[in-house]
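Let me begin by presenting the structure, written as structure tokens, before commenting on it.
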Amino acid sequence: MFLANVVVIGAQWGDEGKGKITDLLSRSADVVVRYQGGVNAGHTIVVDDRVLKLHLIPSGILYPDTICLIGSGTVVDPKVMLGELDMLIANDIDISGLRLASTAHVTMPYHRLLDQAMEKQRGARRIGTTGRGIGPTYADKSQRSGIRVIDLLDEQRLRDRLEGPLQEKNELLQTIYGVAPLNAEDVIQEYLGYGKRLAPHVVECTQTIHQAARDRKNILFEGAQGTLLDLDHGTYPYVTSSNPVSGGACIGAGVGPTLIDRVIGVAKAYTTRVGEGPFPTELSGSLNDQLTERGGEFGTTTGRQRRCGWFDGVIGRYAVQVNGLDCLAVTKLDVLDELDEIQVCVAYELNGERIEHFPSSADDFAQCKPIFETLPGWQCSTEECRSLEDLPKPAMDYLRFLADLMEVPIAIVSLGASRDQTIVVEDPIHGPKRALLSA
């Protein structure tokens, strides 16, 4: 029976716990589509006490009957992707459902070298890139000089497509950044080898999705990073090079907006950010250390410590608006268990005035001071709670406050990394467009 096509997006700066929520929802999905980003994003899934860290491959790969498609809007590092496939095989996970869009762009060795060299040259003006070559790959895509997955399947086409860009990048690496040039033949042979291994998984992205839609399959679109890292709608220039927002699903997967039935946002019960850029609710000292330790706040991709802060309702409301969120999944509520009081940012002060919107200027955003409301903590463990009735009253009050502040119902509450540490308030795919936990 046809149920729904759903987009899952991050409602903050990424690292919200989308991997767990997507894993949960993938049980009801026939097709899971990753629609943007590359190996600069990571998600962690815990299965039978095994911790699996993925960067490119969708969480749905854990379900043998689910098709997992890496869409046209992604940028693919084939070496990393094949490493993930080998890791999954070693863990006895069936990878036959994996599909890779023929039109996805490929991260080449010079993209990584340029990314790292440019970030180093920026010095104090660095933007916090992961150094994985994502920005340069997307730049080549925009300049129509990129290499696509389909090019790896034909030696002559790869040679023809690579000749000009590689010569240009070698000159740039040598002349501007003092980096040794790449050998063309070595690169060609390496990437032809990747192409041979990936060939059985390569498909036409749009055709695959629309066939699934015609067959009335349930399709789950999985975004990477988060709303505030969106190239057009985030805290520019401290953003990624793609569009993690819900609208990016249509572009990156090759579907029209009428195919999307529901948009689910994922947000932590507090806020984190990796890398540079303004962060109004950022904490320091012992509180920051406590959230970092209890939340395990280190990046899946880079290992960098995440910056921690109180929940920011201003960016939360903005995420609801930009993405058209129908409901919200709140993760890591358990991280707040030991606090005697919890603060929530409800507005900003900018130049002496109260504002309740997200400013478009990064300079203005850096000057914003948070206006907080303080709520009581619950100072007891929520990790074993499996229903709303199990939650302590202050925790319920906190969730209701967030739902009211963001003007969106909460459908899922996560209380730990394991699949069973989850409260489903209403089924966000099968149920009506509402949730029980709302103001």
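Note that the numbers count up from 1, one per residue, in the order the chain is shown.
Note: Cβ is positioned from N, Cα and C throughout, glycine not excepted.
Computed from a predicted structure; not experimentally measured.
Noted in Swiss-Prot for the protein shown:
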type: BINDING; residues: 14-20, 42-44, R306, 332-334, 414-416; note: GTP binding site
type: BINDING; residues: D15, E16, G17, K18, N40, A41, G42, H43, T130, R144, Q225, T240, R304; note: IMP binding site
type: BINDING; residues: D15, G42; note: Mg(2+) binding site
type: ACT_SITE; residues: D15; note: active site, proton acceptor
type: ACT_SITE; residues: H43; note: active site, proton donor
type: BINDING; residues: T300, T301, T302, G303, R304, Q305, R306; note: substrate binding site
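Our reading of the IMP binding annotation (D15, E16, G17, K18, N40, A41, G42, H43, T130, R144, Q225, T240, R304) yields a largest Cα to Cα distance of 34 angstrom. The distance from the Cα of N40 (IMP binding site) to the Cα of Q305 (substrate binding site) comes to 15 Å.
Reduced to three states, the DSSP call for Q305 (substrate binding site) is strand.
Checking the binding-site residues (D15, K20, T130) against R306 (substrate binding site) with a 10 Å Cα-Cα cut-off leaves D15. By the criterion of other Cβ atoms within 10 Å of the residue's own Cβ, the least surrounded of the binding-site residues N40, T44, Q305 is Q305. DSSP assigns N40 (IMP binding site) to coil in the three-state reduction, placing it in neither a helix nor a strand. Spacing of K20 (GTP binding site) relative to the residue listed as 'active site, proton donor' is 8 Å (Cα to Cα, whole number).
Taking CA atoms as the reference points, Q305 (substrate binding site) and D15 (IMP binding site) are 12 Å apart. In this view, G17 (GTP binding site) is surrounded by 22 other Cβ atoms within 10 Å of its Cβ, with every protein chain counted.
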